[in-house]
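What follows is a short report on a single structure.
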Amino acid sequence: MTERIVLAYSGGLDTSVAIGWIHDATGAEVIACAVDVGQGGEDLEVIRQRALDCGAVEAYVADARDEFAEEYCMPALKANALYMDAYPVVSAISRPVITKHLVRAAKKHGATTVAHGCTGKGNDQVRFEVSITSLAPELKCIAPVRDLALTRDRAIEYAERHNLPIATTKHNPFSIDQNVWGRAIETGFLEDIWNEPTKDVFSYTDDPAFPPVADEVIISFAQGIPVAIDGRTVTPLQAIQELNVRAGKQGIGRIDIVEDRLVGIKSREVYEAPGAMVLITAHQELERVTLEREQSRFKRSVSDRWTELVYDGQWFSPLKKSLDAFIEDTQRYVSGDIRMVLHGGRATVTGRRSETGLYDYGMATYDEGDQFDQSQAKGFIEIYGLAAKQAAARDVAQGNAEDLAVEPAGSDQA
Ligand code: ARG
């Protein structure tokens, strides 16, 4: 039986050429698999047909939009996942869900190998391959751009020579990856890190410098997940989509950073993630109201580690799963409403309410109705500060006290 290879297919030049390129190099039959994670753009049926026209023996499109929103974006939201405090792991969370569909297709068609279009310099090759072998250790991986010398020039030449139904002329100056959680733009003139992104870099967001009138939104959460917007019930996918539009108009969620890649390279990345950034801002504020203090403090370090693991391609790893369990447990009372104003590049929280919150008016108020017994504070501080007080006394006894010397009075006068 002829060997079969499942290819992660985007519909673009590189993966279209890869179909024939892989066949020529290995003799294997190629099955093209495109996964819809809400990237928009071209009609996926057109993409499927193109794969067949380029020589795939089978071509699929998997609609993974709800699955991606529910099982990948929502965990990222519960973790408030921002790699290097900035990047909402847009591409990093899409690779595992795409991989799941590739592996499923490989099993179904008895394929031995999964192929992807990544280069040898980025994170995505690692994410694909580590995810593939985590789900199906027996599968092999191949990356034609990296392993079979499929350069851009050769791809253009191949497509023209074989009359492939794919444009080879209008070359996008950027490398773009997008899905419903956001959009990543890199390469080209952005590689000079002093260059400001030009208008053509952006597509999910409008210029925040010229915003329309302010947009007030109320997002309702149940156990860490958005369930309604302005009182209308929404699915996670609908919540992200609606906020992408509303926050996108206000230019919210543009991110421009130099980032540490897993392979050791620092690289310039521009992102737009309007819906994701609004949801994370709202979710974080609701956690401030609902999480117990120590749980909240500890969760920050768990979330940072979770985010690094996900960025580094370890979505299906044991540690990531263990941290998932912790994060999930913290979300039990993260329910309630957050009111925000979206305007001119900012999402500002203006109100919060929660039946399961820990904010207690009677404890907090300085007005009538104060229930906090201030007389208890004196004894608390006495004991709380005792260890530091004793250490300070030792410093004094040993002649190592803090230098508190002051100029003698009047010495600064001439
Ligand atoms: N640097 C980001 C990451 O590693 C985005 C990569 C997106 N890929 C692309 N071809 N633009 O998650």
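From the backbone N, Cα and C atoms, a Cβ is placed for every residue, glycine too.
Automatic, uncurated: that is what TrEMBL annotation is.
Secondary structure at SER16 (ATP binding site), taken from DSSP and collapsed to helix, strand or coil, is helix. For ALA8, TYR9, SER10, GLY11, GLY12, LEU13, ASP14, THR15, SER16, GLY117, the entry in TrEMBL reads ATP binding site.
Sequence annotations record features per position, and here TrEMBL assigns L-citrulline binding site to TYR87, ASN123, ARG127, SER175, GLU259, TYR271. In three-state terms derived from DSSP, ASN123 (L-citrulline binding site) belongs to neither a helical nor a strand segment and is classed as coil. Of all Cβ atoms in the shown protein chains, 20 besides its own fall within 10 Å of the Cβ of ASN123 (L-citrulline binding site).
Here TrEMBL flags THR119, ASN123, ASP124 as L-aspartate binding site. Every protein chain considered, the tally of other Cβ atoms within 10 Å of the Cβ of ASP124 (L-aspartate binding site) stands at 23.
For 4-165, the entry in TrEMBL reads domain 'Arginosuccinate synthase-like N-terminal'.
What TrEMBL records for 174-390 is domain 'Arginosuccinate synthase C-terminal'.
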Surrounding CB atoms that lie within 10 Å of the CB of SER175 (L-citrulline binding site), all protein chains: 13
Binding-site residues whose CB lies under 6 angstroms from ligand 1, from ALA8, ASN123, SER175: ASN123, SER175
Lowest local Cβ density among SER10, SER16, THR119, which the record lists as binding-site residues, within 10 Å: THR119
When distances run from the Cα of SER16 (ATP binding site) to each of the binding-site residues TYR87, THR119, ARG127, GLU259, TYR271, the nearest one: THR119
